[in-house]
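Peer 1: Here it is: the structure, laid out below.
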Amino acid sequence: MADHRILLLGPPGAGKGTQATRLTAEYDLDHITTGDALRQNKEMETEYGTPGEYMDAGELVPDPVVNEIVVAALEDADGFVLDGYPRNLDQAEFLSEETDLDHVVFLDVPEDVLVERLTGRRVCDDCGATYHVEFDRPEEAGVCDECGGELVQREDDTEDTVRERLRVYRENTEPVVEHYREEGTLVEVSGEGAPDDVFERLRDVIEG
Ligand code: AP5
Ligand code: MG
Ligand code: ZN
């Protein structure tokens, strides 16, 4: 059976990263995520400035920078979960020239839930594992269960920046969701409920 090529779409906080981590483990896929790649290179000098300047304001990093990340990652991957890309119609068109997709899934979560999830998110400074102060607590507050590292808040997870990211999402990324919907490839899945329940829904889509 061919490897799965999965695109996970959804607003900030929908659980793309949470579910991508599960999918990659379950189906032995690569996790291609522009957000993590950019965070690891926040200070990198490009002709547009550094990625961090855009990210900390909640704005999109210029297309050439993210397209390059995706091309390199796709070259190394057979099956993959793509998370955080494409985020505008130009990126979607670029992607369509680079690869076919087997599943395009939209994680649907209402906006008030998104703000709660994002402002309460904590991530491990060492291994990147994700927690939530209320919904997914570590055994010891502030300490990573996986590696003992320190849990920190992402710089763009403050309430004001979260609101701006949601605005940027509505303006740039909702048209991408609409594009796949019109194309007839979009499968919509509720992203509400416990992560395990959401994962079961995704499994049904992928194996269905
Ligand atoms: P990126 O890192 O991609 O952020 P995002 O799209 O805003 O999405 P998040 O990572 O915030 O949310 P998620 O859906 O992964 O949620 P998670 O699983 O962590 O991008 C960051 C920035 O990089 C952008 O703003 C931009 O500047 C730049 N960038 C990235 N890609 C780009 C591109 N292609 N073009 C241009 N610029 C780009 O879950 C969130 C929280 O909820 C966690 O605390 C988790 O524990 C909790 N949670 C998850 N699932 C559940 C559940 N079912 N129930 C309860 N809590 C849950
Ligand atoms: Mg994420
Ligand atoms: Zn850790």
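Numbers run from 1 along the shown chain.
Keep in mind that glycine also has a Cβ here, set from the backbone N, Cα and C atoms.
Unlike curated records, TrEMBL annotations are generated automatically.
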Peer 1: Identify the region 'LID' range according to TrEMBL, selecting from 6-43, 120-157, 158-195.
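Peer 2: Spelled out, TrEMBL records region 'LID' over residues 120-157, not the other listed ranges.
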Peer 1: Can you name the far-off residues of the same chain, 6+ from the ends of the region 'LID' (120-157), with a Cβ under 8 Å from a Cβ of it?
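Peer 2: Those are 13, 17-18, 21, 36, 39, 55-56, 58, 165, 195, in sequence order.
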Peer 1: Out of Gly17, Arg121, Cys124, Cys127, Cys147, which of these binding-site residues is nearest Thr34 (AMP binding site) by C-alpha distance?
Peer 2: Gly17
Peer 1: Is any of Gly17, Tyr85, Cys147 (binding-site residues) within Cβ reach of ligand 2, i.e. under 6 A, and which?
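Peer 2: Near the molecule: Gly17.
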